[in-house]
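A short worksheet on the structure shown next.
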Amino acid sequence: SLIQFETLIMKVAKKSGMFWYSNYGCYCGWGGQGRPQDATDRCCFVHDCCYGKVTGCDPKMDVYSFSEENGDIVCGGDDPCKKEICECDRAAAICFRDNLNTYNDKKYWAFGAKNCPQEESEPC
């Protein structure tokens, strides 16, 4: 679920997903089009693609199970679909953490769809 995604971002990247990633670049937040603008925006693009491959459950609403082991997030549970959602969220949170050094809110926060032409969109 989106609430769990926020939790994973806080645990892994030590940032609030809502405040740092909900309206960044062309892909962080609802929807997405155009070219990813930087490494962080690419994290969101890849996350969107990951969610797009999930079938049989709702990535934004369905609750999955995870645990922390030796500082790492481990996705669990018996439902393969929900585990897949967790793996998408886990990978994005790690990607955010690994790209904090190039995060540029002055340039890409509230970037706007007008700067993300649909015709420049790339396939997953």
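Each residue, glycine too, has its Cβ placed from N, Cα and C.
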- Return the residue out of ASP48, ASP58 that Swiss-Prot annotates for the same Ca(2+) site as TYR27, GLY29, GLY31. ASP48
- Item | Recorded disulfide counterpart of CYS44 (Swiss-Prot; options CYS26, CYS28, CYS75, CYS81) | CYS28
- Disulfide-bonded cysteine for CYS95 as listed in Swiss-Prot, from CYS43, CYS49: CYS43
- From the candidates CYS50, CYS57, CYS124, select the one that Swiss-Prot records as forming a disulfide bond with CYS88. CYS50
- Swiss-Prot pairs CYS57 with one of CYS26, CYS81, CYS86 in a disulfide bond, so which one is it? CYS81
- If you look at what Swiss-Prot says, which of CYS86, CYS116 makes a disulfide link with CYS26? CYS116
- Taking the centroid of the Cβ atoms of TYR27, GLY29, GLY31, ASP48 (Ca(2+) site), which other same-chain residues have Cβ within 8 Å of it? CYS26, CYS28, TRP30, GLY32, CYS44, PHE45
- Using Cα positions only, nearest of the recorded positions to CYS81 (disulfide bond) (GLY31, CYS43, HIS47, CYS116): HIS47
- For CYS75 (disulfide bond), what is the secondary structure state per DSSP, taken as helix, strand or coil? strand
- Message: Would you identify which of the disulfide-bonded residues CYS88, CYS95, CYS116 has the most other C-beta atoms lying within 10 angstroms of its C-beta?
- Response: CYS88
- Query: Can you tell me the three-state DSSP label for CYS57 (disulfide bond)?
  - Reply: coil
